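These features come from TrEMBL:
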type: BINDING; residues: B:102, B:103, B:118, B:125, B:126, B:127; note: substrate binding site
């Protein structure tokens, strides 16, 4: 188990009620499971189908297995709307 | 050759950005400014509020610059400034400025930058409407697909229905449930296996054997076969064509009529068991075939239903769902994923 930093933006931030946070999770985990945990722990069910995760500023997709380390930064990224 | 990338909490200053990109070697600066519109689909908008994942955003902008310079080598400077926080109506939310020796590249690069910014830079805006409702927007240019990807609706030009030939019930020979069919196939394979085993026993055992105390696997003996150098049976085929010289296209001439119509007529005649001697006139030959058919129909009318479909033709169409190939792929991968999970 490792302790990682969570960042929330836009609608995810409003639902989670905070913009950053820490969470303790297993270090070897697939992205789907990671997303499921975060959605459940931080009640993001409303947007769970439209968010993606970035780990240390790198976007990750469904089937990837990630190796997390203490202090990694995971961001919950809702659909972009810049410009 | 510099990139000026920034997120700003204060109003953006167009002159400042222009000064950054201007260069003495350049004949063009193309500037794009995104501003806040006072309505969304007719709904009055009060203001916009922007937020960004700034460190990742700067990296994404850097990537855009790399791609721009790969595409248009002459580009001199690029500036991408994005506003954060509350932005009022008519105020500028984003400025993109590109300088280049000639205008064509500068214009194209600017367009490229703003499109890519909307696709790939983690910035979000919230629109607040006059009635105090607010929503987080979603760019339609999004490159990052939703996660997990939503199933796409496939649009068809054709109706999703095909006309299938109507098959009368009496032509269907087997009517059974899947379980029964599976069972029958299983039984069939079992029977075939026993047959093959029995055949092998017969083939490879010369002496009398007591099935109780012998094993066909270890007791089998190798017999020399006729015409063969080993225990394997050999089939010999008589080649009546003799020498098949591929360079000479005439070698089949004796067997195949040179004339296609002649061949078809011959086939029909042999199929309908007609005598060898035929009239020279082709129309007389066809007439003879027709007569033969009529004769066969009249002597055994009970078989007509098997080949005469005109009497049972129906226009009833059968509905069949048509799937898009991508839809099928997706279904398959979904099933695979489920299996893997289990």
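Just so it is clear, glycine is given a Cβ too, placed from its N, Cα and C backbone atoms.
TrEMBL entries are annotated by machine, without manual review.
Just so it is clear, the model here is predicted, and its values are computed rather than measured.
Annotated features, which come from TrEMBL, shown on the structure.
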residue: B:102; record: substrate binding site; DSSP class: coil
residue: B:118; record: substrate binding site; DSSP class: helix
residue: B:125; record: substrate binding site; DSSP class: strand
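Filtering the binding-site residues B:118, B:125, B:126, B:127 for a Cβ under 8 angstroms from any Cβ of chain A leaves B:118, B:125, B:126, in order along the sequence. Most buried of the binding-site residues B:102, B:103, B:118, B:125, B:126, judged by other Cβ atoms within 10 Å, is B:125. Residue environment of residue B:127 (substrate binding site) contains 20 other Cβ atoms, counted within 10 Å of its Cβ in all protein chains. For the substrate site, whose annotated binding residues are B:102, B:103, B:118, B:125, B:126, B:127, the maximal Cα to Cα separation is 38 Å.
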